[in-house]
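Features as listed in TrEMBL:
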- A:24-45: transmembrane segment (TRANSMEM)
- A:57-76: transmembrane segment (TRANSMEM)
- A:C69, A:H73: Cu cation binding site (BINDING)
- A:96-117: transmembrane segment (TRANSMEM)
- A:354-593: domain 'Histidine kinase' (DOMAIN)
- A:N474, A:A475, A:V476, A:K477, A:D521, A:K537, A:S552, A:L556: ADP binding site (BINDING)
- A:D667: 4-aspartylphosphate (MOD_RES)
Amino acid sequence: MSVTMESCNCVEPPWPADELLMKYQYISDFFIALAYFSIPLELIYFVKKSAVFPYRWVLVQFGAFIVLCGATHLINLWTFGMHSRTVAVVMTTAKVLTAVVSCATALMLVHIIPDLLSVKTREIFLKNKAAELDREMGLIRTQEETGRHVRMLTHEIRSTLDRHTILKTTLVELGRTLALEECALWMPTRTGLELQLSYTLRHQNPVEFTVPIQLPVINQVISTNRAVKISPNCPVARLRPLAGKYMPGEVVAVRVPLLHLSNFHINDWPELSTKRYALMVLMLPSDSARQWHGHELELVEVVADQVAVALSHAAILEESMRARDLLMEQNVALDRARREAETAIRARNDFLAVMNHEMRTPMHAIIALSSLLQETELTPEQRLMVETILKSGNLLATLINDVLDLSRLEDGSFQLEIRTFNLHALFRELLNLIKPIASVKKLSVLLSLAPDLPEYAVGDEKRLMQIILNVVGNAVKFTKEGSISITAFIEKSESLRDPRAPEFFPVPSDSHFYLRVHVKDSGSGITPQDIPKLFTKFAQSQSLATRNSGGSGLGLAICKRFVNLMEGHIWIESEGLGKGCTAIFIVKLGIPERVNESKLPFVPKVPTIHGRTNFPGLKVLVMDDNGVNRTVTKELLVHLGCDVTTVSSGDECLQVVSQEHKVVFMDISVPGNTDRVTKENCLRLGMDGVILKPVSVDKMRSVLSELLDQQVVFGAQ
Amino acid sequence: MDVIVQLQAQFVEYTTSLYREGFLDDQFTQLQKLQDESNPDFVVEVVRLFFEDSEKLLNNLATALQQQCVDYKQVDAHVHQFKGSSSSIGAQRVKNVCVAFRNYCEEKNLEGCLRCLQQAKHEYYLMKSKLETLFRLEQEILAAGGSVPMMT
């Protein structure tokens, strides 16, 4: 602004104008005016563009101020020469306005500038804040990365159950995540006194370094579950010769707890007192001037924990696999043992069966022939001898049966043959068998059956007979004089029990009853000590052995087993030597549903149903000296279901025949063709029938039917 | 398929002819009835037994009849055996010869016996070849995958 304002007196200047000076002033004023006009325009333009500027009013003021100044200068251009009064007025107005505005602006600035300054400070503050946030973001991101690394590491480590893979993977992943120079794992040796370098990251074949475990630095690391910075010079960190001039990077070590199954206890985890630890050593690159950051240390600690868990899992898995293998081995061994045992039992049974058959055949011969011999004329000495032979033979036969029975009873392969039978008749038969023997010894035998004893019962008749015979037989054997009394009745719950077997409690039901039999004798009695031994096989006490018992000691043992199979109990009571004894047994028998007397003879023969078409299991003996005929007849009978034995001569026939053979076919060669005569002769000799060859299947069938039905063959054929 | 049908027809025709000509009788049918899955070769085995037995018997008979002093009881015993086996097989013609043979034995007619022996041999060998043919036919049918038709 031009300070030198010339007065507008319209007085001619005192000196003739310096034209040059005037010209310069003229030009300068013009340019000033231009500038003064363009500045606000620029301001307006930029403000319009920015649209954020909060001080519009200020700008307007400034604008006005500048415009007015410009206007003043512009108007000044006219005042250089002669100018009219209007111009002077305009000039004055402009100047006045300018003065006003500028003063106003000056006053406004007093308020505005502090504001503007505070804006600046706020701006600086925000910038700082933004920088801080940036830093924090960076940190968070780093942490998140770390977390991701940990997860990935954990996943890698836990994805395998193989211990070596776990450890190797740990080192590899840690090395990668943290960009380590070297990573090493030291495992405790078996003795626990040293640490051995087991795995490294970069070294391909780690030398078998060991370090004593009691080093202070190691103790320091082991005593805490945090990762500890250790010196690069300590033994565990000196894995490779120093590269020389470079500063080795910082080293961190952390403990890894190792779980061994023997000291694993669920309540102790994770604070176990005598734990084994491995040491993980991590080295930063040697020339990087990197430092261990907090989050990296955390990562290392987390990883160490995960590794411990993974290793424990691996250990448990190993253990369970081992246990399973052991079990499998044991199973195999057990299976083998079982099969061997089964084979042994089978072999024994086969042996027994064969021996049984082999022994029975000559036994039969001896018994049969001795009986026959008895019927002939003999001198008294001869008779005595024959009787002895017979008796011995019978005893031997019984012994053979007993041994076979007992062995079958013992290995559980014995089955009772359950049938409906006549109980009363059984006792009658018993009496018939015993009476003759007893009367020889001049003993009286008394049988009393309870009136409510059912006539028919369901059970194993043969074995029941065996039991009773054995018990009664013993009574007879050991009684020199006096009587034997046999009582049979239904067991009631109030009856006296064996004091030695209180747990035996028979409970009758609708389908079963318990038969109780007492056999009392007035014989020599038994001492209380001997009573338990009675039922033990082969055990004979002195008092028993002095008698010529002639028993093998098996009889009562077998009885006991049969009684047990019949869900019963057997015991002997005696008051002592010379006071006789009472044998008592209880057996469970079934109650038959319907009983048809005609259908149930005491000793059932082959079922007598008329007109059978098949004869399953019927034992037949065929004697024929012609091979072809033998084969044909045998096949015929086999076709009808029979069990056929063939012999080719009369001698052989005698040898083989036994009471098991129900039918015997004998081929007869007679001279001449007179069939009728032959038939008559045969029948007279005692044959049950004659049939002529060749025989058809139908013919054979009807013959067998008739034979079994009527015991004789009718028919003209 | 055609082959099997043809073979079967051949078999049936042959068997029928054997029955018609009296070589086999009902007993042979009985034997075939006894053959089943549990004993599939029964007939063949029995027939084989028969052949073995018969050869022996025929030799024995020849020897016995060549003796200076013929033991007719012995001869009769052999013939009886032969008769028995042949009738068990169903070899009708052989059996019939044996019946005649036994009569001659009772009469102690040496010439008759010798003649019968010849006849018996003849019939036996004839029977043998016929049966062998029959069995061969059976084998052919089985080999072709067919089943042997049963004679009723």
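Any Cβ shown, glycine's included, is placed from N, Cα and C.
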Legend entry - Distance check against A:L556 (ADP binding site) for the recorded positions A:C69, A:H73, A:D667, keeping those with Cα within 10 Å: none
Legend entry - recorded positions compared (A:D521, A:D667) - the one with the fewest other Cβ atoms within 10 Å: A:D667
Legend entry - Same-chain residue ranges lying at least 6 outside the transmembrane segment (A:96-117) that approach it to Cβ under 8 Å: 55, 58, 61-62, 64-65, 68-69, 71-72
Legend entry - Rounded distance in angstrom between the Cα atoms of A:D667 (4-aspartylphosphate) and A:A475 (ADP binding site): 49
Legend entry - Integer Cα-Cα distance in angstrom, A:A475 (ADP binding site) to A:C69 (Cu cation binding site): 160
Inset, instruction - Measuring Cα to Cα, tell me the gap between A:D521 (ADP binding site) and A:C69 (Cu cation binding site) in whole angstrom. - result: 162
Legend entry - Rounded Cα separation (Å) that holds between A:V476 (ADP binding site) and A:C69 (Cu cation binding site): 163
Legend entry - Average pLDDT across the domain 'Histidine kinase' (A:354-593), rounded to a whole number: 80
Legend entry - Mapped DSSP class for A:D521 (ADP binding site), helix or strand or coil: strand
Legend entry - Among A:H73, A:K477, the most crowded of the binding-site residues [Cβ within 10 Å]: A:H73
Legend entry - Collapsed DSSP category at A:C69 (Cu cation binding site): helix
Inset, instruction - In whole Å, note down how far the CA of A:K477 (ADP binding site) lies from the CA of A:C69 (Cu cation binding site). - result: 163
Inset, instruction - For A:C69 (Cu cation binding site), list the number of other Cβ atoms lying within 10 Å of its Cβ atom. - result: 23
Legend entry - Sparsest-packed among the binding-site residues, when each Cβ's other Cβ atoms within 10 Å are tallied, from A:A475, A:V476, A:L556: A:V476
Inset, instruction - Please state whether DSSP places A:D667 (4-aspartylphosphate) in a helix, a strand or coil. - result: coil
Inset, instruction - Would you mind checking how many other C-beta atoms are within 10 angstroms of the C-beta on A:N474 (ADP binding site)? - result: 23
